[in-house]
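**Q** Here's a structure for you.
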Amino acid sequence: MEHKSKYPISHVVGFLFSLVLTFVAVFVTLKMNVSYTIVMWIIGSLAVIQAGLQLFMFMHVTEGEDGKTNVMNMAYAVFVAIVIVAGSIWVLTSGHAAH
Amino acid sequence: MSANVNHSLPLEYQTEQNRLNILGFWIFLGAEIVLFATLFAVYGVLGHRYAGGPTPSDIFKLNDVLIETLLLLTSSFTCGLAVFFMRQRDMKKMLVWFIITLLLGAGFLFMEIREFIHYVHEGATMQTSAFLSSFFVLLGTHGAHVTFGIIWAIMLVIQLLQRGLTPVTARKMFIISLYWHFLDVVWIFIFTFVYLKGMVA
């Protein structure tokens, strides 16, 4: 758990990957000639990957004796977030379309 | 219990009290994820109701948004470096990187406030449309978190200068680093599902 190395390698790697993911997302949005749905799926996936990088390489979610609890807590929070976002959009837009 | 100090662990994990505080903060972050999820849900439902007002592609300026993104991403990185040097018990380097983090955070806030002023001048206010109401509530909540984080961090820097690096101040430093990384995680989703989404459509 303690950083033994003299060089913050995981932070540097996480930072570089984050930069790449950000610019790839911008490139896909502006330059790729594919449908809206495909663009949203690609950049949405890139965002999830980048959030994971932050969680594991910057925040070290797994470390400490409560590491497993942290991971389960985050997984549950993400599950609730997906239910709230996807569920709300689904219910409210389909309800609106039906009336 | 809290008197038991385990010196084999990093400073911030050495006491039972510290471990519980850190666990508690992770649970708080879980609640924060849900808070932001509700705001993203509102934006997802109302984000395309323009009421005859400006649309995202009318007002968003990618260059400014990209600068904000890079400022916040870099500040998340430098904040990680601060904790890295804290674990090497190098308080000087830790403080330098932490203050750089704060300056980048302040730069982000400056850019965001400028962006909001620009929108209002263009007639895109919170009252204009459901899109802009939900936009300003989501972005404003994130910006308020950054503002609060900067004030919190300044107070922590003062305490670190007074007390030095102890298990207690190290735990406080570690917890604010989690908070700061979390704000960048939220920004990734704002950048993708608010700004980039607005540019595709």
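Quick reminder: no glycine exception, Cβ is built from N, Cα and C everywhere.
Feature table excerpt (TrEMBL):
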{"type": "DOMAIN", "residues": "B:23-199", "note": "domain 'Heme-copper oxidase subunit III family profile'"}
{"type": "TRANSMEM", "residues": "B:20-45", "note": "transmembrane segment"}
{"type": "TRANSMEM", "residues": "B:65-85", "note": "transmembrane segment"}
{"type": "TRANSMEM", "residues": "B:94-111", "note": "transmembrane segment"}
{"type": "TRANSMEM", "residues": "B:131-161", "note": "transmembrane segment"}
{"type": "TRANSMEM", "residues": "B:173-196", "note": "transmembrane segment"}
**Q** Among B:20-45, B:65-85, B:94-111, B:131-161, which stretch has the most Cβ pairs under 8 Å to the transmembrane segment (B:173-196)?
**A** B:65-85
**Q** With Cβ distances under 8 Å as the criterion, find the stretch in B:20-45, B:65-85, B:94-111 that has the most pairs with the transmembrane segment (B:131-161).
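**A** Against the transmembrane segment (B:131-161), the leading stretch is B:94-111.
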**Q** In the same chain, which residue numbers or ranges, 6 or more beyond the ends of the transmembrane segment (B:20-45), come under 8 angstroms Cβ to Cβ?
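**A** The answer is 12-13, 134-135, 137-138, 141-142, 171, 174-175, 178-179, 182, 186, 189, 193-194.
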